[in-house]
Each structure stands twice: as C-alpha cells, then as structure tokens.
Amino acid sequence: MLENLEKYKIILASNSPRRKELLSGLGIKYEVKTLPGIEETYPDTLKAEEIPLYIACEKAAAYRNTMHPDELIITADTIVWLDGVVMGKPHNEDDARQMLWKLSGKTHQVITGVCLTTVGAQRSFSAVTEVTFAELSDEEIDYYIRVYKPMDKAGSYGIQEWIGFIGVRGISGSYFNVMGLPVQRLYTELKKL
C-alpha cells in the first residue's frame with residue numbers, strides 16, 4: 001500500500017517493543033537503530049502537546065550526521081499529562097505507585113510526538129488521547145507493578161496489559177497512541193512522503 005516508501009530504508013529509532021509491534025502491524029519493513037545517551041529534556045515553556053514532539057525531533061536530530069540519503073528515520077516520544085504535570089517513565093516502583101495513585105479515578109491525556117526525517121526533509125505531528133481510569137485499589141496497583149513491571153512506560157502503565165483491562169473506564173482518541181504510536185495518523189503521514 002505504501003509504494004512511495006520503497007525508495008527508503010526505514011529506521012525505527014526506538015527499542016520499545018510496543019512501537020515495533022505497531023509499526024509491524026502496518027506491514028512496513030524496517031530496521032531498529034538506536035543511539036545511546038539521547039537526553040529526553042525539554043524547555044519549561046513548552047505546552048503539553050509540544051513536549052513529546054520536541055523530544056521526538058531532538059531524537060531525530062541525533063541521527064542527522066549519520067543518515068544515508070535513502071534512510072527514513074522514525075522517532076517518537078510519549079508522555080502522560082495530568083493536572084498540568086508530565087508523567088514520563090517511572091524511576092522506581094515507588095514512583096510508579098505514586099503515578100498510578102494520581103491517575104486513579106481521573107481522566108488524563110496521553111500525548112505522542114512523532115518525527116519522520118530524511119536527509120532532505122522532516123515531517124512531525126502529535127496525537128492526543130484522553131484516558132479515564134476507574135478507582136484503583138492499593139492492592140490492584142501493587143499487583144500490577146509487581147507482576148507487569150511498568151518501568152519502561154510513560155505514566156507507569158500499558159493500556160494493553162492487565163491494568164488496562166480492569167482499570168480503563170474509557171478512552172477518546174487512538175488506542176494505539178496510548179500504546180506509544182498513533183499508527184493511523186502515522187500511516188496517513190507516510191502516504192504524503
């Protein structure tokens with residue numbers, strides 16, 4: 001379906017198993033290539049929707065000096081936004097527990113920024129999904145952290161895991177965005193290249 005991409009060697013610049021799964025779901029052939037030590041920092045003046053977009057584009061910038069003319073680099077970043085606060089990946093189990101307590105019984109936003117970069121051009125976009133959690137008990141939170149170890153997930157949860165089944169009361173927007181890659185929007189943007 002995406003014949004226009006045949007001229008590119010597609011590089012997914014992410015170790016996220018969820019992003020790999022989602023990109024594979026589009027039927028796109030790609031390689032994974034990551035660079036160590038890319039800082040995920042941003043200016044304090046950015047709005048919520050700008051933060052993951054800024055970080056995704058900064059990740060892409062790290063590849064500019066090593067890109068080949070036939071490469072298309074896909075970079076992404078996801079944050080959880082609640083009450084004016086960014087929730088990234090937890091630092092430890094206590095941090096994960098605090099995040100899940102804060103999300104319990106509330107609606108938050110999951111925002112993913114995606115950057116598509118070639119030697120000659122760059123296209124970027126972000127997607128926002130609202131997620132409403134039911135009230136979670138301490139036992140449910142502790143069980144989830146102990147069994148699923150969500151240390152690699154923004155907001156300390158994976159919607160596709162147990163906590164999503166028992167705790168997510170509703171979503172508005174892309175389910176796949178909550179997993180880490182808004183694949184429908186990505187497909188649309190890739191068709192434009």
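Even glycines carry a Cβ here, placed using N, Cα and C.
Taken from Swiss-Prot, the feature active site, proton acceptor covers D77, and the record attributes it to sequence analysis. Sequence annotations record features per position, and here Swiss-Prot assigns site 'Important for substrate specificity' to R18, T78, Q160 based on sequence analysis.
Long-range Cβ neighbours of D77 (active site, proton acceptor) (same chain, at least 6 residues apart, Cβ-Cβ under 8 Å): E40, I51, P52, L53, I55, A56, K59, T112, G113. Sorting the recorded sites T78, Q160 by the number of other Cβ atoms within 10 Å puts T78 first. The Cβ of R18 (site 'Important for substrate specificity') lies under 8 Å from the Cβ of G158, Q160, M179, G180, L181, each of these being in the same chain and 6 or more residues away along the sequence. In the three-state DSSP scheme, D77 (active site, proton acceptor) falls into the strand class.
A coil conformation is recorded for Q160 (site 'Important for substrate specificity') in the three-state DSSP classification, outside any helix or strand.
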